[in-house]
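Trainee: Annotated domain 'HMA' per TrEMBL: 60-126, 140-206, 214-280, in sequence order. What TrEMBL records for 320-343, 363-382, 394-416, 422-441, 577-602, 622-643, 953-975, 981-1002 is transmembrane segment.
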Amino acid sequence: MAPSRRDIQLTRITGHSLGSSDAENEEMEGVRLLDSYDDDEENAHFLSKIEGGSGDSGLKKIQVGITGMTCAACSNAVEGALMSVSGVFKASVALLQNRADVVFDPNLIKEEDIKEAIEDSGFGAEILADPVTAGTKTTLVGQFTIGGMTCAACVNSVEGILKDLPGVKRAVVALATSLGEVEYDPNIINKDDIITAIEDAGFEGSLVQSNQQDKLLLRVDGVLNELDAQVLEGILTRLNGVRQFRVDSLSGELDVVFDPEVVNSRTLVDDIEGEGYGKFKLRVMSPYERLTSRDTGEASKMFRPGPGIHRLKSVILCHLIQCFFLIQIPLFCIQVICPYIAALNNVLVWRCGPFMMSDWFKWGLVSIIQFVIGKRFYVAAWRALRNGSTNMDVLVALGTSASYFYSVGALLYGAVTGFWSPTYFDASAMLITFVLLGKYLESLAKGKTSDAMKKLVQLTPATAVLLIEGKGKKFVGEREIDALLIQPGDSLKVVPGGKIPADGVVVWGSSYVNESMVTGESVPVSKEVGSPVIGGTINTHGALHIKATKVGSDAVLSQIISLVETAQMSKAPIQQFADYVASIFVPVVVTLSLITLVGWSIAGAVGGYPEEWIPENGTHFVFSLMFSISVVVIACPCALGLATPTAVMVATGVGATNGVLIKGGDALEKAHKLKYIIFDKTGTLTQGKATVTTAKVFSEMDRGEFLTLVASAEASSEHPLAKAIVDYASQFHSTDESAEDGKESQNSGWLLDTSDFSALPGKGIQCLVNNKMILVGNRKLMSENSITIPDHVDKFVGELEEGARTGVIIAYSGELVGVMGIADPLKREAPMVVELLRRMGVRSIMVTGDNWRTARAVAKEVGIEDVRAEVMPAGKAEVVRSLQKDGSTVGMVGDGINDSPALAAADVGMAIGAGTDVAIEAADYVLMRNNLEDVIIAIDLSRKTLTRIRMNYVFAMAYNVVSIPIAAGVFFPLLRVQLPPWAAGACMALSSVSVVCSSLLLRRYKKPSLNTIMANE
């Protein structure tokens, strides 16, 4: 008997072994499932072939839409025609669905051949989109952790390797976060291929997250042994809609790929828990939680390579503790303490074979440091050299190896000749110790740079209270669910003091909500029925019932996190300097080291310096070698590589906490050199809350009839002025009605039917009412339609405009019938912002589609001298381009769809957060608070960040320029001071730490005020 659909729904991607190796962690992107089979063996045979990939046995499955079938005989005829085609392994025709599933060998036939076979049998055919992949993105964006990178040269190497992979569209690697973002075509390459390429390059790689929409990562409590894992597998096998899964019994993690058309995430979790009769408790994990969880573990597991900066800190700390307590302390005792204790000293000076015991102890202990604890430097250096690049690890490996092997050579030479030269085992050991200490401190400091991101992630509540609806849409109960399982349309309860679990709309209750953590606005916002709420904000007073509207990646908080993450992954143009220096840095340093060695050796051979400079029992070569080793180990490319990314990371986090979202390092860098900044008027300089102040009729028409006519025409428009007109008219009509009737009238009761509505940007609107044309707009619209404006009406409109009000002219059936005056009050902070910008050297310009009189009146009130009025949306972009002609950097601040062309054309586009999605998408900065003061914050933060980056570069360059000559002994003839290799290593290690700490000073950023800007003038 053929198995049911439930029985053959999915395949397990780990085979029979659970979570025991990386190979078992495969995610098999693009899995295709057959809808029906004849028997179990055939199912397994075909499924294995379909999933066999690109091998010789790889098969492909397509769906074909068929027209013209009327009965079972027709479907049998089509099936027979398909099976007769060479290369077709299986054909299943569904009469009711008018569809056929065909499994074939793409090496033998093409899809067109299948289509022609059906058409030749007398039916119509059309190849359908893959049912699994239809509607999904053509490319995926995956985020990978990359371990083992130490400087900009490593970043360049990994980026180059990833970009050369077939199917990879884009690859960006960030040193500060040890993350790489790769956009790739899953039909050409999968995530395992990318991880393999990273590992082949000599680095550690693992997937953190991707933008696949049908994957769920769960933490499972209750999987205690292999039997529990098998029970869980059995449950997953029986569930509808599950495509594939992976159970990791060791970590308690479950990866599930499911069909969102068949089952949603919450139902899936409920079904698993229900089928397990309460044995298994599931919790959705965010990618950030998974990354963090993998960073924890027992000390015995710390040597296992893994992703994340926390694991890096653990490994380095473990090495550092071993190096210090197990080896450095014994070395210190041998050299400093033991000589003063007769018994111990006798043991150390006792000759065992060719060497004294002290030499044997030093050699043995330092060998452990050099080749066990220091193995990471050799491995990393080999990776870099194998990929044709160089980095800090190459320098450390060279310096320590030179010191170690010279010391070994000196011992062997002394054993053979009896001439005992000084050894420098301690230099090698101390050098590795100080480098590890520096890397650990650097990891600690780098971890601090992502504090803002961690705070954003922590804003999301872990659980939510779901209200259960019964008959009549009444709530009959409630249950606690995972916040990551909330779906659009869910009704949720929020108690006082609780966090809003998702973006939504209040459907019951009233309260005040603290939105400061998302928008930066410190004053709690009043929320009533119909008010929007943002997930992650805090309900401070009354209880609320909300209806979820946006969840997952569509939620505001998720978008903020995504923007900040993208900005931290991006490279500022100034980073190109560090990339170039990093590419030549190590070869230059090695060359300088060789020059130092040769120079001091030749000078010694020709008597260029006195013999007393040479240490006791030393030689000219040893004396020169110490200078050469110091040059190698004191040079540091890491400080240059960290100068920009750490500052950008801190700045984007600081911006997010202040309500300013920065989309990338490029935008952050450009904003500091803004010369012009263009403001839209309505909704940007003004509050966007227009109100009608005047309504005058210039015809025989009744006032109520006039308002009804205008409101009916404007009801189809989304412009703020249109809303003001409709609100004014509805308020007029509701005065003579009861509250209930008034509410009904506001909806549509008194509005007239319209047709042929058309919005004319920069002019107004037109439509038909009672089969007569009505025009609502400015003088230009009237002139184009040959509407005469009498002098007294024109004078009246002029008076409105001179009072900073917009005059709206209404014509009906070819005659002017009235005028309405609309005021949109300025934002309180607008004049101060314009003045601050002037003092910062940025010239403000107002560009609006409004008339000249109103524009000039508003500009005068706000303090802007340069005004461009009656400008179409495309014209705003032209204004931007005209200002850019002389090479000036131009910014644009706007909030509407009509501002998006200018926002995209500007060097720096800033969208008011309360504006439209189109404007926000086109901008480089998003001002969450709808407050113009954030424009000042954006520019000031950019300037302070670029100043900090330049300071980092100056320090990093100055450090190398000054320290290398000192290490090379340039000043030794004057000062008689030689920098030993271990001290050079300490300086090198601390240079990176100092650059990261310098970037961390940006966390102390304070919003600028008029007084501080005036003081800095």
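Glycine is treated like the rest: Cβ placed from N, Cα and C.
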Trainee: May I ask for the residues of the chain that lie six or more residues beyond the transmembrane segment (622-643) and have a Cβ under 8 Å from a Cβ within it?
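Mentor: Counting only partners 6 or more residues beyond its ends, the transmembrane segment (622-643) has Cβ contacts under 8 Å with 150-153, 155, 175-176, 391-392, 395-396, 398-400, 402-403, 406, 410, 421-422, 424, 427, 431, 435, 442, 446, 578, 581-582, 585-586, 589-590, 592-594, 596-601, 604, 613-615, 949, 952-953, 955-957, 959-960, 963-964, 966-969, 972, 978-981, 983-985, 987-988, 991-992, 994-996, 999.
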Trainee: Counting only CB pairs under 8 A, let me know which of 363-382, 577-602, 981-1002 has the most with the transmembrane segment (394-416).
Mentor: 363-382
Trainee: Below 8 angstroms Cβ to Cβ, which residues of this chain, lying six or more residues outside the transmembrane segment (577-602), approach it?
Mentor: 151-153, 155-156, 389-392, 394-395, 398, 608, 620-621, 623-625, 627-629, 631-632, 635, 637, 640-641, 643-644, 953, 964, 968-969
Trainee: Write out how many residues of the domain 'HMA' (140-206) are helix, how many strand and how many coil, based on DSSP.
Mentor: 22 helix, 24 strand, 21 coil
Trainee: With DSSP helix as H/G/I and strand as E/B, how many residues of the domain 'HMA' (214-280) fall in helix, strand and coil?
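Mentor: Helix, strand and coil residues of the domain 'HMA' (214-280) number 24 helix, 20 strand, 23 coil.
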Trainee: So what's the mean pLDDT when you look at the domain 'HMA' (214-280)?
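Mentor: 81, rounded to a whole number.
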